[in-house]
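Quick look at what TrEMBL lists:
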- 4-89: domain 'Calcineurin-like phosphoesterase' (DOMAIN)
Amino acid sequence: MVLVLALGDLHIPHRAADLPSKFKSMLVPGMIQHVFCTGNLCIKEVQDYLKTLCPDLHITRGEYDEDTRYPETKTLTIGQFKLGLCHAMAISADCYLWLHTVYVPFQVERKQDLHSTNMLPSCSS
């Protein structure tokens, strides 16, 4: 099994001083294989922290990010899945990671399971 941390819109330090301490206590360096962030980290220190959790860090740019080197969109392949990262839907992929305030945790074993969950309406066949 692959453990992925997917997050976005942290807005640190503009809207929050840090990640919630209970959440942060669950983030153990070396346990996570991939980190996907859909933007609005805002400052480099947040990127540096995420990098301590997992060196495989993928970030797309949000409108409040200071680092303009983050791409607007990013497509990557993890196993048999082609994933699209973006702050808004703008790329063609098997599944969109579009994180904006609502977090719905679930585990996906196969691509077909995405459709049976009815939780990801933007995933295509």
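We number each residue from 1, going along the chain as drawn.
Glycine is no exception: its Cβ is also placed from the backbone N, Cα and C atoms.
Note that the coordinates shown come from a computational prediction; the quantities given were computed from them, not determined experimentally.
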How does the domain 'Calcineurin-like phosphoesterase' (4-89) divide up by DSSP, counting helix, then strand, then coil residues?
15 helix, 23 strand, 48 coil
PLDDT averaged over every residue in the domain 'Calcineurin-like phosphoesterase' (4-89):
90
